[in-house]
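Copied over from TrEMBL:
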TRANSMEM  125-146  transmembrane segment
TRANSMEM  212-230  transmembrane segment
TRANSMEM  242-260  transmembrane segment
TRANSMEM  304-326  transmembrane segment
TRANSMEM  359-383  transmembrane segment
TRANSMEM  438-459  transmembrane segment
TRANSMEM  479-502  transmembrane segment
TRANSMEM  508-528  transmembrane segment
Amino acid sequence: MSLCTGSLVGLRLAAAGGAGRASAVLRLGLRAAPQLGAAAPVRRALLHTSPCQPALRLGLSAAPSARSSILAQLRQLHSTSRSPAGSASLSADAAAAYSEPAAATAAATASAPADSHYSDGTSPWVAAHLIATFVLVYAIIVVGGLTRLTESGLSITEWNPGMKGMRLPSSQAEWEAEWEKYKGTPEFVLLNQHMTLDDFKTIYGWEWGHRMLGRFIGVFFVVPALAFALTGAAGRRTRWKLLAIASGIGFQGALGWYMVKSGLTAPEIAPTHPNSTARPDGQQRLDADSKTAEWTPRVSHFRLAAHLGTAFLVGLGCLHTAAVILRPGMHARLASPLAATSKALAAPSVRRYATGTRAITAFVFFTAISGALVAGLDAGLVYNEFPTMGDGRIAPPMDELMEDKYALHDPDAAPGAGRSTWRTAVGNFTSNPVAVQLAHRTLAISSLVLCLGVGWRGARLARIARAQGNPLPPAVPRLAVLAASLASLQASLGICTLIYLVPIELASAHQAGAVALLSSLVALVASLRRGPKTLAQPLAAAAARPREQVVAQALRNVAKPRAATQPSL
């Protein structure tokens, strides 16, 4: 077919204004044959035609293509008639039934998606920005873990969100001033009186670097996100998600200082050492003899868990939002037709699997938060063996698990009255290092078994769907197996961290592994989202029709004359 003929076919169909006709030309015209796609003006005209956007995004086939036969008929019909009256109108279901994945892939990558169940017109650049933010959040989680493991988190005793907090001390006098502030903290008085100024500079650097990375993430995310919102690169729903992520980053910064403050003022459990004396503010005066086995200066483990959990939510929110934005492109790269894939994703067994995966993801998140409680209480330093917990026991004695001193306080209880069972249980499993470690062990083993089930079930469902001719997206079995593999690695890291008395390298890798495992599960959840029913049902109906009927109907629609004005190039 000549270039002029291809141009007339493309522009007449686009000018007809219907989404089905625009889809037809994109899938059966310009994008279907290389010789028709050489006209840059035609391509630009079609790509900027609003009815073409759904086709550009979701133009996947429901049956093998009959491109060559249809193009042959188009070549014959339009070689003799190039008048405006010869413009055509292809039916939407015929066009959808005979488009090719390769053509749809090129179309999907050539334009931004429009409003649909998959995306809200958000530019892929927004997804790239979200992925970059996720990487930075991943990095700050690892840096934060190292800051805690090196016991550096309490080295900066003030919260300076302005420019002052961005400066490292540059003179000896400034270092001495910061050093004197740290000397007044419970951590120095009770634990670090042997520390020198050079040692202090090291831990100060860790905490300062952690805070600066947090500020950089805030600026890195907010400035482009604001630009995306103002320029329209982010759709309406995506703008709300960006706002939620930005709010989470700001809240995370405030929560970080709230956590640090808990370790600078008072101990978690009030000491009863006879050498402790009362201060005018009601707190107890600290001295080197005040330390007991029950009291170690540290930040609140509850605030630490909240701080880590918020970081997880921010990072995983970035990853999930990016996956939703990029979903049209991922579908356009499928080797299978959209109708078959949509049918596979809508199968009851797959929907149950998707629901179960979401529940397991939440369970793994809860397990990670319990790990934060273990870290905050230094519970990894008790019972450094596995799978037993002393004298060949799977669980420690009950008198170690349920101690009254850890029970929740009951303000209405009479003096000397015993604590209720539920208050004792909740208090011990959130504040007793022995009980917290047992809880984390149990949750971690359960998470491992569940993730192994996710991997096995995901691979099996993919095989069954492929055998039935309705294959699942390739990412589903891959991410399922990846989650199972990461869960096995994470369990191994946790056991090694426990046995070797929490070395910094293993403990940091264990925390990073938790992020990696949750990320794989979140990506799996995103890949199991169903396609839009408004498109999947017509495609499935077209796929069920005999090929000859659809081809014949398409050719009759092409041959039917239609009054129209030929658009100018």
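Just so you know, the numbers here start at 1 and follow the chain as drawn.
Using the three backbone atoms N, Cα and C, a Cβ is placed for every residue, glycine included.
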Which sequence positions outside the transmembrane segment (438-459), separated from its termini by at least 6 residues, show Cβ-Cβ distances below 8 Å to it?
353, 356-357, 360, 363-364, 366-367, 370-371, 373-374, 379, 386-387, 389, 395-396, 401, 429, 476-477, 479-488, 490-491, 494, 517, 521, 524
Report the listed stretch (125-146, 212-230, 479-502) having the maximum count of Cβ pairs within less than 8 Å of the transmembrane segment (304-326).
125-146
For the transmembrane segment (508-528) against the transmembrane segment (359-383), do we get 3 or more Cβ-Cβ pairs below 8 Å once near-sequence pairs (under 6 apart) are dropped?
yes
